[in-house]
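Per Swiss-Prot, the features are as follows:
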| type | residues | note |
| --- | --- | --- |
| BINDING | S45, T66 | substrate binding site |
| BINDING | Q124, V125, D144, A203, S204, R205, D226, G251 | NAD(+) binding site |
| ACT_SITE | R205 | active site |
| ACT_SITE | E231 | active site |
| ACT_SITE | H248 | active site, proton donor |
Amino acid sequence: MNILADALLPGLDSAFPPPFTVTLYHKADEIPELLHYKDVLLCRSTLKINGDLLKNHQIKFVATATSGTDHIDFPFLESQNISIIDAKGCNAISVADYVVACLAYLDKQQLIQGKTAGIIGLGQVGTKVYERLNAAEFQLCLYDPPKATRDTSFQSCSLEDLFECDLLCVHAELHSDAPYPSLNLINRDFLKELKPGCIIINASRGGIVNEEALLHLGSAILYCTDVYNNEPHIDSRIVSKATLCTPHIAGHSLEAKFAAVAIVSRKLHQMLGLPYPQFATPEKPYRLNENSDWRELALSIYNPIHETLELKHAGNLSSAFLTLRKNHHHRHDFTTYFDSDSIKKYPLLG
């Protein structure tokens, strides 16, 4: 079975041994020619999967090595009987680490006003963030009405409950499905109800926060974001306004990248009735000196202010966004820097 895969994905050789044959693409414009006689297209969320890309090709599977699937035209793929494989949950730990790194920076700058936090979206990522904040004794409001309709053991808070929060963490999937669409959920009416000094950390999708409404908001809201409308052609005004702004890398730890490939591989092997291969894993990092507080430890692993300043000072914002995102490949999950006993001392770190 022939696979065309994004060259930036790690561990492909071990994840797809014979009977698979893997061909790599480095740029999207290489795909139309390379896709001939391929059975599987294995991509990242940066690639738009639609009829324009796949016309005149006979692939059987589209596999995305990411949790999000809003870059995929599901109706088109279904009309062509193309199966879709995703890697949901692969980066949940990595995104939770990112949120903690943002909190570490904000806390050092004395910008966190209180410990009442709202989490919007309680999927695998939001649940990991909940576990961290709950262990650190935040008072939590959990907002996910669709989950409440599916899971009777879960009770969602109301939108009005979120207005009393000092911190909002956005982890919902982007969708427009009634009665609870996430598209433009955080709009003008929502924003004007927030407490002055409220912090929004958006590590989900740009379309959930209405950027125009945010830009025209009169009150002092601190916006920290990893995601934007129209990536990579992001709005320079949002970059200027944001307290922290990073190039869509919250889920990009080394462990998350390897996990994404492994999840896709397992699903494909299972669908084809093949035994699982042995998967590659990243090398473990050095151990950290634990004679520091949680903020220093988190920021020694990843400090979001560095990429923030790179974006804020960029001449060509789109180019800087893509370059920074591509070069973000040295961060490990926080827990890999500690042994299991040590991590218990730092509940926010894992």
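Heads up, the Cβ atoms here are built off N, Cα and C, so glycines get one too.
Each residue contributes its Cα atom, and for V125 (NAD(+) binding site) and the residue listed as 'active site, proton donor' these two points are 15 Å apart.
Cα to Cα, H248 (active site, proton donor) and S204 (NAD(+) binding site) are separated by 9 Å. G251 (NAD(+) binding site) has a Cβ environment of 24 other Cβ atoms inside 10 Å. Note: the CA-CA distance between E231 (active site) and S45 (substrate binding site) rounds to 11 Å. Across the annotated binding residues for NAD(+) (Q124, V125, D144, A203, S204, R205, D226, G251), the two most widely spaced Cα atoms sit 21 Å apart. The number of other CB atoms found within 10 A of the CB of S45 (substrate binding site), across every protein chain shown, is 20. For the recorded positions shown (D144, D226, E231), fewest C-beta neighbours within 10 angstroms: E231.
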